Amino acid sequence: MIIDTTEVQAINSFSRSESLKEGYGLIGMLVPIFTPVSGITIGVLVIVWLEREISAGIQQRIGPEYAGPLGILQALADGTKLLFKEDLLPSRGDIRLFSIGPSIAVISILLSYSVIPFGYRLVLADLSIGVFLWIAISSIAPIGLLMSGYGSNNKYSFSGGLRAAAQSISYEIPLTPCVLSISLLSNSSSTIDIVEAQSKYGFWGWNLWRQPIGFIVFIISSLAECERLPFDLPEAEEELVAGYQTEYSGIKFGLFYVASYLNLLVSSLFVTVLYLGGWNLSIPYIFIPELFGINKTGGVFGTTIGILITLAKAYLFLFIPITTRWTLPRMRMDQLLNLGWKFLLPISLGNLLLTTSSQLLSL
């Protein structure tokens, strides 16, 4: 039997090209996944470092300084430590609920990043119901916390899970009319359209000036959603040890830790998008685009500037929840619920009524 060498070479080249196509296809699938995940991870590490440095300054002490330059790698060292710690399971608890709870909390918050625009058209999912999708997704996280508390078979954990669910429901309801007011002003529920609607009048076109009452209610509700002081009732150390986290250790405890800061970053980014103009700088780029012929709303330069502006606004806003943590005392549970149902909800509904009336009169 005579083997044609040209046919063998053709078969080999074809198989090589097919394997290269498969490799490029796999890389093309992984890059869009790992790029936002890496960016979010770095963002969380920066938040942890900022909180430790600001907290150290408020308490007049030295913050982390040994792990990396200025202690910026301290959070990474803590995460590595938790990764190698023993993962203990409660002997009489529901292991499935106990294990699934932290994952649900983290995944639901990660999905919220899909509708956040970091620059001009730089968003994973530009949906017409973007802001309301975020509200719907954020409602899933308390279910994971309640599952964690129930699966632990511990009275402190279960009480913390119930508190987390009650707190989330109480403050998500006043938060929704604030978002609806912004949608009415922008004539859209898309996060891209909301940012572009604020770019018409520069700095004075921000929704912060058109919705000051809604802005305050949104901030308070966001802090309660993130379970930050003075709203950290589900994790009150003096009453519940650590709340729904009491029985957790190792990487599962680390997931709750990450979810807390992920939620804080999501809230800050949505404050930036809804009230602070998003990626718009609101002042001219000082002749740089005109000098080099760069488009302000597109291209590499415009996209990079938009990302930097969005992150700068979000991280500047983070000073409010960080300083609030070391300023205000923890509220009681009855005070927490009264604030949400008796004060914030009527105020947000009144603000929505005023916004609707003004929009109808302007037609």
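Just so it is clear, glycine is given a Cβ too, placed from its N, Cα and C backbone atoms.
The annotation transmembrane segment is assigned in Swiss-Prot to 30-50, 98-118, 127-147, 248-268, 300-320, 336-356.
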Restricting to the same chain and to residues at least six past its boundaries, which positions have a Cβ under 8 Å from a Cβ of the transmembrane segment (336-356)?
166-167, 170-171, 173-178, 180-181, 184-185, 211, 213-214, 217, 220-221, 224, 231, 233
Can we call the transmembrane segment (300-320) and the transmembrane segment (98-118) in contact, meaning three or more C-beta pairs below 8 angstroms at a sequence separation of 6+?
yes
